[in-house]
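Trainee: Okay, handing you the structure first.
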Amino acid sequence: MDRFTLEETGLVAAMGSGLLAFGTIWYSFVNRHVPNPYLDEVFHIPQAQTYCRDRFFEWDDKITTPPGLYIISRVSAAVKSRLFWTPVEKQCDAGGLRLDNLIAAVLIFPLAVITRHQIERCLTPRRSEQSLNTVSRYAFQTGFNIALFPVLFFYSGLYYTDVFSTLTVLLAYSHHLSRVSRDRSSLISDAWTILLGIAALFMRQTNIFWVVVYMGGLEAVHAVKTLRPKPAEQPPMHTVSEHVRFYIERFSVGDIHDPPIDRAWPHDLCYSIVGIGLAAIYKPVRILKQVWPHITVMCLFTAFVAWNGGVVLGDKSNHIATIHLTQMLYIWPLFAFFSAPLFIPTLLGRTLRLLSCVKRSKLSSVDKSNRNASSGHTGSSKGSHDGDTAGPVSLTSKDHISSSMDSPYLQAARIVVSPRAYSAPLVLLAILASWLIVVQNTIIHPFTLADNRHYMFYIFRYTIRRPGHFREYLVGVYLFCGWLCWSALSPLEMASSRDNKDRRVNSALNPASSSTVVLLFLATALSLVTAPLVEPRYFILPWVFWRLLVPAWYPEQDDRHHGGGGVASLPGLAGLIEWGRRFDLRLVLETLWFVAINLVTMYIFIHRPYVWRNQEGEVLDGGRLQRFMW
């Protein structure tokens, strides 16, 4: 694992102290106003106290998650009892147990910084590796904001599993990134992979999708890329079958197509998936040598499911796995709401470029009419179109030029894989598929309707459960938010050669590879579509992994990339642009946005309690105060 320099350690300490102070205020307010277990703490805290009494075989059947959190609390209580000369049971009251989550939330910050730094190193050519010994400012900002993520930070003051689950998965991810930074992994590294995978599963069963599908898949891709076959010249090919044979041969030896996401069109993603699959089929031994620890974790998890009679511990009746495809639509508005500052440059830049294009079009039409009137010129000139050159058709570095000798089927195939040809049908297909999912697969769990203490109750009440076709109208919102989240992963689409030079200097600008994004989407889908209940907590890890992959953005580069039509072209931004050379302005806004959301939700939780009443106005639940939360 990477280590901080002395200067970086000081910066981590300063930022971590601020985070700790903010978390301590929240923790103290919760303990002062809500000293007794609240909501799910009613199950978690007594179970942890049972473990503190060393009764490890007593289990509350209402609890569905593994005992990892309670084991950590037992160890923590033993350490704190020796430090403060107090009984173990004293450290296992509500305040003592909640303190463990606060500490874990603060630890997420430096771990997220290291993880983002490791990602930047993996995405940068080896010749630039020496310049990556210093952690980027962007990594510090990203790690700090991940720790401040409102849904995650809120539970730093309560005793829930989410904070420690995130911490253990990030530990496993950091270890994974250290493995893929070299060609071969040692047996010790393999053993750590298994141990960290088991630790993640001891927190939440759904972490199997992150430690096996996502990280295991990334290691399989890494194993394929380490094959490094000799480059081969593309021979003249004029039929579809010749192309298929050539690429199967190249894919089978590990010469896969895996471009950065900013250079990838949908057909590139398909090529990437097919290429990796074929390489794995033809080179299984190399793949197995890399991923056997993940297979071991998967086998252990399968054995647990067989022994337990299901994935869920305890109460299985209310947590039956189902196919809930609308989860993959709900996720995008949630990301868009919390990460709204990240999308400001995209929205402003697109708007400015649209206005610029309209203006140029009007000027061009006027100029053309004037020239035609004066010279009678009626000819036309041929030029290159951005849309034609944006997406590569050939999988090699040499563009394949259509020939009159090409078969009709090959010519048709070239048209089919042209982004200009399939973009509109693909959008229509996405709209139709999303609409069908909303109509046929909207699932509303009884818990969502029965508990008005969660914000999701009101979101469903005023959107999904509104009468008429309102939920169908939300399809446009889902797709627009999904496009925003995709655009954040590649803020500089189809990067130019000059942009690539900038990326070698500033590694934070490098986008993720196509295979990484595909695996992220797959792991996210598997972790969400099997859950009938919609809870913001379920979106924490998908958001964290997505957020770690979002590259940096700077106004000057955006302006240069778009020919002076970017955000930097706005008047009065000279001072911000100068400051933006040092910091990603989006992340500054994101920090302020997260702090604002946290303050609002904290205030509502602490100072806006209420009591349940029936229709006759009688007080229910013994008059206990209820509080709003995620």
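Using the three backbone atoms N, Cα and C, a Cβ is placed for every residue, glycine included.
Keep in mind that TrEMBL annotations are predicted by a computer and have not been checked by a curator.
Straight out of TrEMBL:
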- 12-29: transmembrane segment (TRANSMEM)
- 146-173: transmembrane segment (TRANSMEM)
- 185-202: transmembrane segment (TRANSMEM)
- 291-313: transmembrane segment (TRANSMEM)
- 325-344: transmembrane segment (TRANSMEM)
- 367-389: region 'Disordered' (REGION)
- 426-449: transmembrane segment (TRANSMEM)
- 470-489: transmembrane segment (TRANSMEM)
- 509-531: transmembrane segment (TRANSMEM)
- 587-606: transmembrane segment (TRANSMEM)
Trainee: Relative to the transmembrane segment (470-489), which of 12-29, 185-202, 291-313, 325-344, 587-606 accounts for the most Cβ pairs at distances under 8 Å?
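Mentor: The stretch with the most close Cβ contacts to the transmembrane segment (470-489) is 325-344.
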Trainee: Report, as numbers and ranges, which residues of the same chain sit near the transmembrane segment (426-449): CB under 8 Å and 6 or more residues beyond its ends.
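Mentor: Those are 266, 318, 322-326, 328-329, 456-457, 460, 464-465, 471-472, 474-476, 478-479, 532-534, in sequence order.
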Trainee: Counting only pairs 6 or more apart in sequence, are there at least 3 Cβ pairs under 8 Å between the transmembrane segment (509-531) and the transmembrane segment (325-344)?
Mentor: yes
Trainee: Out of 146-173, 185-202, 325-344, 587-606, which stretch has the largest tally of CB pairs under 8 angstroms to the transmembrane segment (291-313)?
Mentor: 185-202
Trainee: Same chain, outside the transmembrane segment (185-202) by at least 6, Cβ under 8 Å from its Cβ: which residues?
Mentor: 66-68, 71, 165, 168-169, 171-172, 175-176, 178-179, 208, 210-212, 290, 292-294, 296-297, 300-301, 304
